[in-house]
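Reviewing the structure listed below.
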Amino acid sequence: MPISSLVPLTEIRQYCLQLGFSLSDQEIESLRGYLCLLTKWNKVMNLVGFTTWKTICSNLIIDSFHLAIFIRSLSLPTDPLCWDFGSGAGLPGIPLRIIWKEGSYWLVESREKRAIFLKTLLAQYPLTQTYVYCGRVEEFMLANCLSDVALIVSRAFMPWQALLKLIEKKISFKGVIVLLLNDIPKNIDSCWYIQTTYPYSIGGEKRFFVALKKAS
């Protein structure tokens, strides 16, 4: 049985509506492509801890949909350059790019097999100005100019304190860092401040997106 038949378009649309999100026909097609490839590769690579497309949607992809709402509320420049650190299985970046197509978006992943998955996915289901870099974040930052970066996204790349320390040294960075956390961070270094937060709940569990900027 083709794997696409295990992820029906109409069911995806209805399920997304149940979760509170309405997607266009093209977005549903792209989401199905992602779910098909993710569930297929997950059987041999253990990309995510959930095994069915519905549990992947309700526990992981929904974060990306909320992230899109949050990012739209930020005052990003036109055509923003965005970096996604520790992209892994493409979460939150791939579903985010399906529904939020502004600017260019780099998925940075050091683990080769996961980077191959992301490149395979984008070769089969291209997304607007979305690219993959296979290598360490430190190497990626050395090869690119942080002064041009409007947004850095991190879901589970490293502890947020370590990430802020890493970026803190790059004095040219003037953009926003968005973190997915289970609580609003406390005792933030004086080099940073919380610009805004976005709380939401999934299955009774509270989660937060937190936007941070460097203090002047």
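Each Cβ is built from the backbone N, Cα and C atoms, and glycine gets one as well.
Here Swiss-Prot flags Gly86, Leu91, Val137, Glu138, Arg155 as S-adenosyl-L-methionine binding site. In sequence order, Val108, Glu109, Ser110, Val137, Ser154, Arg155, Ala156, Phe157, Met158 constitute the residues six or more apart from Gly86 (S-adenosyl-L-methionine binding site) in its chain with CB-CB distances below 8 Å.
With every protein chain in view, the residue among the binding-site residues Leu91, Val137 whose Cβ has the most Cβ partners within 10 Å turns out to be Leu91. Across Gly86, Leu91, Val137, Glu138, Arg155, which the record gives as binding S-adenosyl-L-methionine, the greatest C-alpha separation is 20 Å. Sequence-distant neighbours of Glu138 (S-adenosyl-L-methionine binding site) (same chain, 6+ residues apart, CB-CB distance under 8 A): Leu166.
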